[in-house]
Amino acid sequence: MRFFVLLGTGLTVVSGPDVVKVVVKEGEDAILPCCLYDKEDIEFKLFDWKKDGQKEVFLYDAGLIYNNGHTGQDDQFKQRVSYFPDQLTVGNASIVIKQTKVTDSGNYTCDFPRLQSPRRFHIELVVGAARKPYVTRVSDTKDNAVLQCEVQGAFPKPQLQWQDRGRYDVILNTTVTKTDHYRCVVTQEEISHEVYSEIDVNISGSGYHTLVVVVLCVVVVLGVALYIFWYKKRGRRQKNQDVSEP
């Protein structure tokens with residue numbers, strides 16, 4: 001069973017029996033939680049953070065940390081990781097990764113190898129890149145236009161959706177047949193993000209079709225009027241003939 005916690009900073013935490021999932025937008029700081037349930041004092045203990053089982057993220061050893069008594073931290077995390085010194089006495093080994101990048105996404109472990117009962121915590125970090133879509137007109141005819149919506153460098157994979165001015169869904173890869181204001185909407189549910197781009201499309205054929213309809217309506221109305229006029233005139237002529245006969 002998992003539960004979601006949405007924090008005011010935009011950070012989303014999903015907890016389960018074996019993993020904690022943290023979701024942030026690219027550029028935000030990410031807090032990776034790691035706390036001993038019994039709140040054991042770890043100020044003079046050792047805990048070690050790794051990414052994907054290999055990259056050294058952060059090491060704390062009884063007050064010594066990377067760049068202050070220890071070497072070996074992966075270049076990806078140098079000058080970007082901090083911890084909570086005032087929380088060590090209550091078993092809090094959480095870290096903060098500053099200004100996250102998509103490449104920070106992955107599986108992290110927080111190890112306590114020297115406790116009487118060694119413990120390991122698993123955290124999954126998802127860093128979402130929310131890119132604005134690029135909308136272009138691929139081709140045009142008098143009756144329709146082919147619109148292309150492209151998103152580059154987005155993560156996780158977004159959902160694309162075309163909408164017209166009435167906010168109704170058209171289709172993903174769309175050919176439009178009427179003059180209107182169209183919007184391509186990009187949704188990334190995992191990071192609770194939505195962004196869009198808009199384009200105005202003028203279909204010359206749509207005006208032509210409207211003109212044809214108007215002309216046909218006028219012709220029909222005139223035809224009906226002429227028929228009524230002819231019918232009434234014929235009736236008066238017939239009546240005059242009946243009166244003139246002896």
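In case you wondered, yes, glycine gets a Cβ from its N, Cα and C as well.
Note: TrEMBL annotation is automatic and uncurated.
Here's what TrEMBL has on this protein:
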| type | residues | note |
| --- | --- | --- |
| DOMAIN | 17-110 | domain 'Ig-like' |
| DOMAIN | 133-202 | domain 'Ig-like' |
| SIGNAL | 1-16 | signal peptide |
| TRANSMEM | 208-230 | transmembrane segment |
Calculate the per-residue pLDDT averaged over the domain 'Ig-like' (17-110) and state the result as an integer.
93
Helix-strand-coil residue split for the domain 'Ig-like' (17-110), DSSP-based:
12 helix, 41 strand, 41 coil
